């Protein structure tokens, strides 16, 4: 059967009414027009650039926007010279971490949107299959044993290994229901978390310090080598997940309905999980574990453009980049030392989750 065109897939949404107990059901917002969705994407993409420029200018050493532009022009060959101190701060310190923060935010948020669409559950987030615990274990092993591979490489390898183990365990009985896959992720994540705790217990003071700072997240280690790998990979990964957007819309109708429309659910889930996991593992490997981004940002995107994954995924990427870059600015400016970024994201994310829980009948119910 030939799959239907994306535009021919009906969009369904709950309607307002009165429940059996006589209490009025919450009103679900009207569908958002594609024109408004496109405008939101353009606005948030422009906001990414604005926040990136502001992020470069602020810090312990404030650099005016004009001087930042002069440095960028000099580094790209448009002008001959610039202030050496400004050039060092902008090019070697701030630009790398701003680009990396934007890429990591986009990767985590985009992966979260893909996971939520795949599992048809708005409370799913990228770390649910054990990738964060596996990455932490790999980074811990690199610190403890002093293996030839870097912390980033070991974190990526073990993050992917954790999800492979999760997927393998879920196939023990020849089936892969969503509940079994999630439970397998809990088991694998608990195992790797226990191993990481053992590393913390057995490590020296210096090793413990490195492990704690890594697991709490941050971009103080950002280098141009990291940027050269993570930014292109994030762009490619997000584009590939976006290509699956209309299929995720079909999958939200249920497996049987998806098959009747020409979409095989199992290969689709497998590909989306692999892509989203690779993006998450790559992000975690260079930044440590940054909480809440993959859970909350897709919700914000869905509330703005509705449940259509063709728009939710790219909007999640732009909002995630803005959110993490802004949190990174706070992490390095609110205190004389650098605050781990997961503390900032948790402080900002927890109240938002409370808001979502209070309005879940409208927003969570409409998106599931």
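Using the three backbone atoms N, Cα and C, a Cβ is placed for every residue, glycine included.
According to TrEMBL, the features are:
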- 1-24: region 'Disordered' (REGION)
- 38-63: transmembrane segment (TRANSMEM)
- 95-115: transmembrane segment (TRANSMEM)
- 127-145: transmembrane segment (TRANSMEM)
- 151-169: transmembrane segment (TRANSMEM)
- 181-202: transmembrane segment (TRANSMEM)
- 222-242: transmembrane segment (TRANSMEM)
- 271-291: transmembrane segment (TRANSMEM)
- 311-331: transmembrane segment (TRANSMEM)
- 338-357: transmembrane segment (TRANSMEM)
Range from 38-63, 127-145, 271-291, 338-357 with the greatest count of C-beta pairs under 8 A to the transmembrane segment (95-115): 271-291
Select the range from 222-242, 271-291, 338-357 that forms the most Cβ-Cβ pairs under 8 Å with the transmembrane segment (151-169). 271-291
State the residues, same chain only, that lie 6 or more residues beyond the ends of the transmembrane segment (222-242) and have a CB under 8 A from a CB inside it; answer 'none' if no residue qualifies. 96-97, 99-101, 103-104, 106-107, 110-111, 113-114, 152, 272, 275-276, 278-279, 282-283, 286, 310, 313-314, 317
Using a Cβ distance cut-off of under 8 Å, indicate which of 38-63, 127-145, 181-202, 271-291 has the most pairs with the transmembrane segment (311-331). 38-63
Can you say which of 38-63, 181-202, 271-291, 338-357 has the most Cβ pairs under 8 Å with the transmembrane segment (127-145)? 181-202
